Amino acid sequence: AVLFLKSVWAAVYTDPSTLPNAPYTYIIVGAGLGGSVLANRLSANPNNRVLLIEAGPSDTVDPFIPVPFLATTLAPSVVSWNYTTVPQTGLGGRSIAYPRGRTLGGSTSINFMVWTRGPASDFDRLAHVTGDSGWSWNSLRSTLIGVETLVAPPDGHDTTGEINLAIHCSNGPVKISVQDTTALDSRIFNTTTQLAEFPFNEDMNSGNPLGIGWTQYSIGGGQRSSASVSYLTPVLSRSNLDILINTQVTKVVRTGTQGGLPIFRGVEIAQSASGPLFTRNATKEVILAAGAVNTPQLLMLSGIGDSAQLSQFNIQTIVKLPDVGKNMQDHVVLSNVFSVNSNFTNDDIGRNPTLFLNDLAQWGQSYTGPFASTATSEIGWLRLPKNATIFKTVNDPSSGPHAPHYEFIFAFASFVDPPPTTGHFMTIASNLITPTSRGSITLASANPFDAPNIDPALLNSDFDIFTIREGVKAALRFAAAPAWKDYVIGPFGALAEAKTDAQIEAYARNHAATVFHPFSTAFMSPNGSPHGVVNPDFGVKKTVGLRIVDASVLPYVPAAHPQAALYAVAERAAKLIAAN
């Protein structure tokens, strides 16, 4: 099948039976962030033939994907896996929606586009725990910078004092920009001068993110800059790159033995549980880039994992790696909503169809206006005080003194679902950044078309509930600063009823959710370590020909919105693989 894609003629296959018979050098599973980077970089060598397989459709099927303001509409949808967690003990037994991107670009096509590298100490810790100095901040700094092109914000305002140009790039694949101005800006930054616990940070991508600052987004010219747009679009005309969509890899296939280790250079693929199965082999490597949910599921379906788990579903254990699917980590977000004294907030856009259509039309004509920005504005990165009582019994889980424990996310609206039908609001969401809870991905069945059991174990530790509670209290202090005295009326909804520590904890358990950052389910460890799933070169332990390049490999969830860091991880992986 030949499709129009991104205004470029390209052979994008929709039926596995029509793939060329020529052998592939590399087969990449998943066209999200990692898969898009790898497809671009590995196909740059004309001697390589690369097959990129994506379970979902093209990212052209949903016209709202490029529209930054409409990111909240993209799940549930045809471009999401539309997962749901198992009941969460820390959330009072609630099961919550767990969207993951299922389209070209993966979750970069449906996320909220925040662009943060994280603290330098996160990378230095990764170098330490893996025994590979190539993961340090200093080693990766040029890669972190080089993946981006800084462009003007959609509204074209002067960004002097809002970003440090010296630490950004002008010729990388991903377009980034500072947020548009909002009605909250002056009050937010006045608060940083009034309350010392909330300092201003000109650029949180310096390696020291602590403080409140202007948010950078993966938005260029008023449009989403996804991995598909940034890495796939420029190379769609390459004759040595084939893309197969609407097709799921059901397992990786053992194709031989080398040095006593199983070789996995094959994949089994299908388009439905009842449809025909096809197999394709790579001459060099199969690379899993299916994400922190689907990658461990695929490993287990292929006989790689905990033998006790596999035996429950009569799956033969080929490689015993008990840590597959373990160590799952995620950020926990809680939207703290305040009533405000205003005639307009972004709540009005969703309530007024005429206003919505006018704003959408403006975006369609010029890529400007409210829809050229996200529904959120500034963010801030904050730490618990050194004398916090939790540290009497729990070691600090952060990577260092300049790494945050929690985050503020500001929104010029009620950032809750469903939103109030009347009134005007702002949100200061508290986001737990350094969780100590550990969850898991396990099989629900041996059918690859069944969703796995997703248990991020949100708020399952004393540190996590303590920190989210303190994040709520910090948000209340922030909104009580003099800068807000004529604007904030007071806490709204359940937040207004949460007065004591116990009540705030109950409020958190009843209303918190994920901020969609699952990590660490196939985590990296030193060469020769009996723990972990991959080595520092991304190779799956005890195997030949199989690697993983996605969020599952990092042993700790980054203290950041992780896409910027993951681009650097994928770029380093591409260099290591190409050099092999």
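Note: Cβ is positioned from N, Cα and C throughout, glycine not excepted.
Feature list (source: TrEMBL):
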ACT_SITE  HIS517  active site, proton donor
ACT_SITE  HIS561  active site, proton acceptor
BINDING   ASN111, PHE112, MET113, VAL114, VAL249, PRO562, GLN563  FAD binding site
DOMAIN    101-124  domain 'Glucose-methanol-choline oxidoreductase N-terminal'
DOMAIN    291-305  domain 'Glucose-methanol-choline oxidoreductase N-terminal'
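Here the domain 'Glucose-methanol-choline oxidoreductase N-terminal' (101-124) has long-range neighbours at 30-33, 35-36, 54-59, 61-62, 65, 68, 71, 74-75, 77-81, 135-137, 139-140, 144, 148, 176, 204-205, 207-209, 215-219, 224-229, 232, 243, 245, 291, 374-376, 379, 398-404, 516, 556, 558-565, 568, meaning same-chain residues at least 6 beyond its ends whose C-beta is under 8 angstroms from one of its own. Listed binding-site residues: MET113, VAL114, VAL249. The one with the lowest count of other Cβ atoms within 10 Å of its Cβ is VAL114. Here the CA atom of HIS517 (active site, proton donor) lies 9 Å from the CA atom of GLN563 (FAD binding site).
In sequence order, GLY118, HIS517, PHE519, ALA551 constitute the residues six or more apart from PRO562 (FAD binding site) in its chain with CB-CB distances below 8 Å. When the record's FAD-binding residues ASN111, PHE112, MET113, VAL114, VAL249, PRO562, GLN563 are compared pairwise by CA position, the greatest distance found is 30 Å. Assigned with DSSP, the residues of the domain 'Glucose-methanol-choline oxidoreductase N-terminal' (291-305) fall into helix, strand and coil as follows: 11 helix, 2 strand, 2 coil. Cα to Cα, PHE112 (FAD binding site) and HIS561 (active site, proton acceptor) are separated by 9 Å. Look at the Cβ of each of the active-site residues HIS517, HIS561 and count the other Cβ atoms within 10 Å; the largest number goes with HIS561.
Calculated from their C-alpha atoms, the gap between ASN111 (FAD binding site) and HIS561 (active site, proton acceptor) amounts to 10 Å.
Counting every protein chain shown, 25 other Cβ atoms lie within 10 Å of the Cβ of ASN111 (FAD binding site). Most buried of the binding-site residues PHE112, GLN563, judged by other Cβ atoms within 10 Å, is GLN563. Taking only the Cα positions, the spacing between HIS561 (active site, proton acceptor) and VAL249 (FAD binding site) is 28 angstrom.
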